[in-house]
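Trainee: Starting off with a structure, shown below.
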Amino acid sequence: MSQKDAYARLLSQHHSGKFRSYLDQFVQEQQLQAERNSSGGAELDGICVKRNQGGGKEPESCLSLYMEKLNERAVSVTEASGLKQGWIAQRQHNKRRGTSASQDGDVESGEEGHVRHANARQQEKQLKGTGSKASMAEMQSNQQQNKKKPKKKNTPKSKMEAKLDGSGCARDNGIIGRMVPKSHHEKAKAAQSQGKEVLEYVASGEKYCSVNYAVSRNMSTCELIFLQGPLRINPKKYHEAFIPSPDGTRDLFLDGVAARNRALNGDIVVVKVLPRDQWKVGAGAPAGSKVTCSSADVIVEAQYSDGEEEQTHTDALATRVEKMNIKTLGMACIRVVYIMEQKHSRAATGFLRFLSDKNFAMFSPMDHRVPRVNVPLADCPEDFPTRPGDYTNTLFVCRITDWPDDSTFAEGQLLKSLGMAGEIEPETEGILTDYDVDFSDFSDEVLQCLPQDLPWIISPEELLKRRDLREECIFTIDPSTARDLDDALSCRLLPDGNFEVGVHIADVSYFVQEGSALDLIASRRATSVYLVQKVIPMLPRLLCEELCSLNPMTDRLTFSVIWKLTPEGKILSEWFGRSMIRSCVKLSYDHAQSMIDSPDTLLDPKVLPPCDPKHPVDEIHRAVVDLHRLAQKLRAQRFQGGALRLDQLKLAFTLDRETGMPQGCYIYQYRDSNKLVEEFMLLANMAVAHQVYRSFPQQALLRRHPPPQAKLVDDLMEFCDQMGLNLDFSSAGALHRSLHETLGMDEYSSARKEVLTHMCSRPMQMAVYYCTGVLKEEALFRHYALNVPFYTHFTSPIRRYADVLVHRLLATSLACGPHLGLESDDIQKQASHCNDKKTASKRVQELSCELFFSVFVKECGPLESEAMVMGVLDQSFDVLVLRYGVQKRIYCNALKGLENFHFTKVGKKPELTLVWAPDDSDSRCVQQITIFTLVEVLLQADEIPTKYTAVLKHPCEAGPQGSAPLLDASCLLGSQDAAQ
């Protein structure tokens, strides 16, 4: 069934007499039940009943009331168009990029829809097959039977054995979630339990309600509003959580752990908006003000009964629905009522704590966003009850198996011991476990999918199907330590003065056959995970490092994109196809950079890796220099066309070869050789995106980057205005130009640019994969940062599964490969999974860097560095440590020698005044801390393993710059403007 706007489905059902008849009958039955259970309740079990003040009128279904309300409205075409885009954005659930973790977007799972369809059809059949009284009696009987059933605790169940627990959710080992019923019996049971679940939810307010109940209440007179989105918990303040608003412009607030209702970070949840008198103080709208709501945020698509024909009413309905203005919600408080999809693995790394007189121990996760867990003593080491002190610094892995709704503690199972905290390998395994990264060995079934006759050679039959490029001067440019070489470049001067430029990508899809065990594991892993000391590969190493890797002087299968370019970078023609290459040399970025820096001086062959004798060094040198000049032209065109790049400082390490411990660290330099490779990879990705979309407008797997969150951009603009910064946020290109052209080139301006880059990154949403058949408007396909209409990932199939799917689509479009066996829904589901895994991979990489840097600080610290303030709070401030590119928070209460401090805020400009106790002199030292203030910090190891702290040096000890009170940012900016 094709995906449609939720309101289109509702409207189609409203026009169906059969469905309307079912609703009317359902409302009458629920009214009878409401009258029996309460003396005058106006709403129960997903219906809305208007109290008849005059008496005599029949109660109307909530759908009828809602459609009547719709018929009284008229919305302009412009508003309807904006509404439609807002709805599509809501369904994609784009996540913003936060200051501490990056989030991807997500989409609604197709599996959940099967549950909803099954439940609706089963209820309809039950109600049609019996009279109203019989159906009512049966429902009450079912409720009484459910109440009599004893509750089982910690009953282990496999995924296949999980059953609906009476709350519309599935329990898999006691974990709340949702599942697809596997039989008609289970469908019937799910439908029969719905009456109980709503009564429980209404009574307690803390249970999970069904999605059908949420929809019904949402279509009432707006007493409740239900929304859906990915849950994001603040890692520094775990009692705060958010979901994005449907239009992606701001966040909605969940206050406290109880409001999350046992959902964990990343879960897709349904929330209800609480009444205004329960909103957080300081919300955007005044408490008690009236909310005008048109119920535009229904999160469940309506169901079609068997045999009903779908009708397209999206456009007609869009002109009649008034979208809820999410800006009126401000910092609205919300509460989770349902978990649509569990994204969190429910596994965590942490420490065990012994509890006397208890038959269980307390597991405390290192991630404070995960609850503390009671684990049976039987799961703990045998001597733990008698010698708990021996395990104080031991890391364990625990999985949550149950979380009672009346407890702040979960129940769980201890899985394994990792080793001592503070050691790199146990800590690394803990990080991988926390983010559900599969680092197990590949199974024999998977390995059997690889070529068994080694050494492998290309068959003559395969040679005939490909363009033979083995005689061309083709080479790779990668980091010196790289083993998975999945892209190569070529450049040849043509007789007419133009250039033939090729991008050649490893043909991974030749080895990873669709539907094989190898394909299944690759789709699950979705991406390789790069740690400081190693790589967790997506594919077996035989493919990553041998058969697919474009190693020098070895025949390899590739997918090529070849252009004819003018010296100014204008594309005259392009060619796509399967090919075969033989790389002549493996260059590092350092080698390529040396050629770029000295275009007229050949490198000594001794400093280069072995080269193919057919292609001398001067030929390779000339090709690299020509590619660099063309890349400069292409790059200039991109940024003139409105592209944006926000480069942030990246920390790299040198490791001891024997111990693997960090010996040193440095800021990674992004140089012209990196830009050369990047430009042609971007060009190939854009070219392939156009090709696959032209061929498969409903199945193309592309990558989009939504615009930044409007609320955060507005706040940042207000702050920049108050700081006297002339930044233009009107478009991606305008922001790029203002960041690079309005700031100076001195050391202070460079540091200020780094801080501003971090600030501008906060409103940005993450780019996400998507299937074009899901988004109906091409305007939503755009990539904001690149400012292009179509973009995808094609150039890294060894480490990204999305690229493998794109290769298959490209092969089909060129009639050189089998037809892709996936429908749009399947592609979208895989795209969503790739988004999740990419987000997890990025966070794991960041945590790996933090781990190694903390070990480096412990071994080589304390470390001194200049830092610039990038955020000010009432009792602390954040700094960017310029020498190492790390961000740390400095707490005023932890500063030795600080006598007192005072916080003030004017508009968006916060300021801390620090009063230091006098040293040898009698005078006190007063220091002003505001954004862009330069300070001296000391990084030192913390008592907690793998942690380090940043301490502000006393201004009287910080050298000439800190010997006097620091000027605030406005004074510094004024002095620089005067100097210029």
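From the backbone N, Cα and C atoms, a Cβ is placed for every residue, glycine too.
The feature Mg(2+) binding site is assigned by TrEMBL to D478, D487. According to TrEMBL, the feature compositional bias 'Basic residues' maps to 146-156. According to TrEMBL, the feature domain 'RNB' maps to 466-816. Residues or ranges marked as region 'Disordered' by TrEMBL: 88-172. What TrEMBL records for D486 is site 'Important for catalytic activity'.
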Trainee: I want to check the contact list for D478 (Mg(2+) binding site): same chain, sequence separation of six or more, C-beta distance under 8 angstroms. What comes out?
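Mentor: Within the chain, D478 (Mg(2+) binding site) has Cβ neighbours under 8 Å at L485, K586, L587, S588, Y589.
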Trainee: Report the mean pLDDT of the predicted model across the domain 'RNB' (466-816), rounded to a whole number.
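Mentor: Within the domain 'RNB' (466-816), the model's average pLDDT equals 94.
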Trainee: What are the non-local neighbours of D486 (site 'Important for catalytic activity'), defined as same-chain residues 6+ apart in sequence with CB under 8 A from its CB?
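Mentor: Counting only residues 6 or more apart in sequence, the Cβ neighbours of D486 (site 'Important for catalytic activity') under 8 Å are I505, A506, V508, C548, S549, L550, T795, S796, P797, I798, R799.
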Trainee: Long-range same-chain neighbours of D487 (Mg(2+) binding site), Cβ under 8 Å, sequence gap at least 6?
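Mentor: Set apart from D487 (Mg(2+) binding site) by at least 6 residues yet with Cβ under 8 Å, we have T476, V503, H504, I505, A506, L550, V677, M681, T795, S796.
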